[in-house]
């Protein structure tokens, strides 16, 4: 359900924690005749311009379904920016073209606010639309909190104030964001007083008071119940802010399940836990603010302007500066780090399934891969699912595409397709888990070391050493700096009840 037009900033993961390609060199510069011609661009209706004449392209920063974000440097000032490049050939229908036009219009409309990434320039040539904007080098929201170590209600209130200020500014200007989540906020620089910036407006829309929308957009943990019911207005952004505040105070989201369907069902029920740790140690004012926002009835939620007047959230308000329990930071870190290791391990298992086990999936893959290229594009997946009777919306298909695309190259290969569609309990049998473990344990020592993990993940364009260390830290239960087989199995079965052997969960 999330946006997939790329990522602004120097992070190595996108808005749903999905894998992105790491830094690679910009491809050979197209000849001017390929890029530029006289006339007006068919996407934005403005004179064609070659962005490369003004900016020198550097390495890749992030990648989505339709766009790639690069580090660029202004040729005269040598100032660094981020450039989101959207390939025109990927805009397959009128709706996609309208989405790009609307994103550009909204970013122009909102630019100038302290907490919104600033659009510096827009260029269209014959091959692409290029959005040049602030380069956010200060890291993602949760990363900064975790790195600082010290954390308090006052710090959480300051972050929430910035987020709600963005919502207030958007709503005042007739814009609904529709995809508010921590991953869509980055710090402009590494300075202590760096502003927090909202970076992604790919799903945003213009609205008038009373407008009702019915398209299903957003991200699983943060989506409002009325969005799931396909009947919503700007109050959906307020709900998302409440979920973010809940995570800021506890380290985990209020609605949790082992899969997306379960998360959505929990959101629709709306039962929020305010009794488990660390809630007993959190102030009444903070708890009351969260509960006032996470109301199932959108009309009962406070507006952004009302939230900013709340005594807990105001500058010099009553939020405590006493440190919050460190376990909140630890839980936040676990929640934030999408386990790429597990995703690759599932792919390894899929690669070793027998022909008989995946015969039906082979035929399904062939039926979707219309051009017999050996890979499935977004359009092929969308058309193929429609023919198979699926009623998924375009944004839902896009999300499915991103989740399956392990190596982040914009297409799904045969093994990625099997990995994504094979039911989990078909992949959990002990011998398969052991074979997958051996794939990583290259020297057969009985342990997966950081070097071994790095070597395998490099094959899937995951080369950020910090992320690899985070994976080790998350999975390494006995803290010996490496992963043994029991730790590997625990990771693979975590949050997947169907992968727990019969009799071990007390229910079967």
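Numbering starts at 1 and runs along the chain as it is shown here.
Every residue, even glycine, has its Cβ placed from backbone N, Cα and C.
Unlike curated records, TrEMBL annotations are generated automatically.
DSSP assigns residue 84 (ATP binding site) to a strand. As annotated by TrEMBL, ATP binding site applies to 84.
What TrEMBL lists as domain 'Protein kinase' is 55-313.
Among the features that TrEMBL reports, domain 'EF-hand' is placed at 356-391 (among others).
Annotation source TrEMBL lists domain 'EF-hand' at 392-427 (among others).
Under the heading domain 'EF-hand', TrEMBL lists 428-462 (among others).
TrEMBL lists 463-498 (among others) with the feature domain 'EF-hand'.
Taken from TrEMBL, the feature region 'Disordered' applies to 1-28.
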Per-state residue totals over the domain 'EF-hand' (428-462) - DSSP helix, strand, coil = 20 helix, 2 strand, 13 coil
Query = Per-residue pLDDT averaged over the domain 'EF-hand' (392-427) comes to what?
reply = 66
Remark   = Cβ density check for residue 84 (ATP binding site), other Cβ within 10 Å (all protein chains) comes to 27
